[in-house]
C-alpha cells in the first residue's frame with residue numbers, strides 16, 4: 001500500500017506485513033498489489049528453515065518411525081533400499097534410546113554404530129547429508145583422511161566431537177545426544193600386515209584413537225579447537241549416547257571377499273577358478289567382519305561397528321532417475337540456471353541414458369554425472385548470455401557423444417513460427 005507524505009509530492013511506500021516505510025528498511029519488494037520488506041523476507045526464510053528442520057512427522061511419543069525417515073530419504077536418494085532401511089531403523093532406535101535413558105529404567109540400551117560400505121558414487125555421503133537436513137538432534141560429518149593420532153600434525157579425533165558441539169551451539173547436553181558420520185573410513189586402514197619401523201600415524205593409530213569415543217568416554221574438547229595445552233580449559237563431553245556412522249568405498253575389498261571361501265591350490269591338479277563377474281556392489285553384500293580385518297581394520301574397531309550396511313552399484317536406470325527425480329536433481333539445477341537466462345533446457349531421454357552409461361564406464365557412479373554434464377554444457381553456458389532470442393536449448397544423444405552441438409531454437413518475432421538452428 002502507499003501513503004502520501006505531508007510535504008512530499010512523492011508517495012511513500014509501506015511494507016504490507018510489518019507496516020514499515022521504505023525509509024526504515026534496506027529494500028522494499030513490490031508485487032501486483034502488495035509490498036514486502038527485506039526484514040520480513042528474512043523472517044519468512046527463518047520460519048521455512050525451522051519447519052524444514054522439523055519436517056519429519058513424529059508419532060505420539062515424539063520419535064519418527066523408520067518409514068517416516070525412509071520417506072524423507074527417498075526424496076533425495078534414489079535406490080539403495082537396504083542402506084536406507086538400515087539407517088532409518090538405526091536413527092529411530094537412537095531416538096528411542098535417548099527417550100529411554102531419560103526414564104532411568106533398569107535395562108540399559110546400548111547403541112549400534114553403523115558401517116556403510118559401497119562403491120564410489122553410490123550415495124553414502126548423500127545419505128548422511130540428507131539425514132543432517134531432517135534430524136532434530138545435532139549432526140556432524142567428519143573426514144577420516146584429515147585425522148592423525150595425538151602428537152602428530154593433523155586433527156585429533158576430539159575435533160569430531162568439537163564439530164558436534166558447534167552443530168549444537170555448544171550445548172553439551174544436546175551434543176551428547178547427537179549423530180556423527182565419519183566419511184572415508186577405509187582410508188585409515190593399516191597400510192600393511194607387517195610391523196614397520198615407520199609409524200602409521202594416520203592408519204592404525206587413528207583407529208585406536210577412535211575406539212574410546214565410539215564406545216563411550218568423557219572426551220576433553222578444546223572450546224576453540226586445535227591442539228591441547230595444559231593451561232587451556234576443556235569442555236567435557238560424554239560420548240556414550242552419540243551414534244557413529246562410518247562410510248567408505250573400500251577399494252579392493254571386493255577381491256578379498258571373492259577370494260574367501262574359494263580355497264587355493266597349486267600344481268597340475270589345481271582347479272581353475274572362474275573370475276568373479278559380479279559387480280562391486282553385489283560382491284559387497286557378502287562382506288563379513290573377517291574381510292574388514294584383512295583389509296586393514298583392527299578387530300576392536302570392527303567390533304564397535306556391529307551393523308554392516310552395503311550399497312549397490314547404480315545401474316543405468318538408477319542414474320537416469322538420479323539425473324531427473326530428486327528435489328536437487330542435476331537436470332533441474334541446470335534447467336534453473338538456464339531459466340535465469342530466459343531459456344528452456346531440454347534433455348532427450350536417449351541423451352540422459354548415454355550420460356548414465358558414460359558415468360558407469362568411468363566407474364564414478366552418481367558423483368561423475370555433474371562432470372559429464374558440465375563438459376556437455378560448457379560451450380552453451382559460455383555463449384548463451386551473449387545470444388539474443390534463444391528460447392530453447394535441446395540436448396540429444398549426438399551432443400553427449402560430442403558429434404554435434406546443442407540445438408538452439410530461436411524465437412523469431414517477425415515470423416509466426418520459430419526458426420530452429422544448430423549452434
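Quick reminder: no glycine exception, Cβ is built from N, Cα and C everywhere.
Copied from Swiss-Prot, the annotated features are:
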{"type": "BINDING", "residues": "15, 18, 37, 40", "note": "Zn(2+) binding site"}
{"type": "BINDING", "residues": "119, 120, 121, 122, 123, 124, 125, 126", "note": "ATP binding site"}
{"type": "DOMAIN", "residues": "3-56", "note": "domain 'ClpX-type ZB'"}
- Relative to the Cβ position of residue 37 (Zn(2+) binding site), how many further Cβ atoms are located within 10 Å? 24
- Item | Other CB atoms, at most 10 A from the CB of residue 15 (Zn(2+) binding site) | 22
- The rounded CA-CA distance in Å from residue 119 (ATP binding site) to residue 37 (Zn(2+) binding site) is 48
- What's the CA-CA gap between residue 15 (Zn(2+) binding site) and residue 126 (ATP binding site) in angstrom, rounded? 40
- All chains considered, the count of other Cβ atoms within 10 Å of the Cβ of residue 120 (ATP binding site) is 17
- Work out how many Å separate residue 121 (ATP binding site) and residue 40 (Zn(2+) binding site) at their Cα atoms, rounded off. 40
- Task: Using the recorded Zn(2+) site (15, 18, 37, 40) as reference, state which further residues of the same chain have their Cβ within 8 Å of the centre of those residues' Cβ atoms, listed in sequence order.
- Result: 16, 17, 19, 20, 25, 28, 35, 36, 38, 39, 41
- DSSP three-state call for residue 121 (ATP binding site): helix, strand or coil? coil
